[in-house]
Amino acid sequence: MNIIWLCITSALTFTSVCSDEMTEIINIRVFPAETQSIAGVIQVTSLNDLNQPQYAFNASEARRICLFLGLSIATKAQVERALSRGLETCRFGWIDEHFVVIPRIQALANCGQNQTGLVPWRASVTRKFDVFCFNESDAAEQLKDETTDSPLSSRYSSGNPQSPTLATNSTLTENSTASSSRLPSSYSTPYNVDIAEQPARIVGSAQGSSGGKAVLITCTCGLLLTAIIIFAYLKLRRHCSLSSDTEKPEE
């Protein structure tokens, strides 16, 4: 009987863990969308129960959430490359070098202390922020597209100094700046941004991933294993009971 209760407890534990993991997937959004990264870089943000962004990852959790999404945590060089191609936010995010950054194209007094470029903050690794993740395959695909010599790119290079990539980056910059959230000019603590006015421009839609599939598979295997243990125990107990009943007449 104790074994049965142990199996039931294990099953409930697996169910609880799976529920928590799936809830995390639902409450995570990325900017821009995971399939529309800039130079392979996306910023992952956690949403609270009111569907508003909140800083939720310390340095180690930030790395795990990128792995959970099937990505790697972005390096400083990768975020700088994305910045040069139009990535601009107003929220701190962890990078691989264990400090947080804000990529800024235009100076804003209440965002990044009116600085431009990759604005760093060497905060404690236990502090919670967003995280910048890197999609290597997406970055390679974008690089391949940029190096392809097409009639469109030739037309822009000969007749217009502004290339399609720069034009796209300009649009991204305008949208990101217009929707950038506000930080106090002296930001001693992170500021959780209210996205009620333009939520679509700040974060992308919730993303499913190989990480979510892995959690589902793990939970399913755990529940299946628990069921097998219970079935085996009941069968063994029945076999022992039948053996006991058979031996009694012989005595």
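Positions of Cβ are set from backbone N, Cα and C atoms, glycine also.
Whatever TrEMBL says is automated annotation, not expert-curated.
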Which of these links to Cys90 by a disulfide bond in TrEMBL: Cys66, Cys111?
-> Cys111
Could you tell me the mean pLDDT over the domain 'Link' (40-135), as a whole number?
-> 95
The sparsest Cβ environment within 10 Å, among the disulfide-bonded residues Cys90, Cys111, is found at Cys90
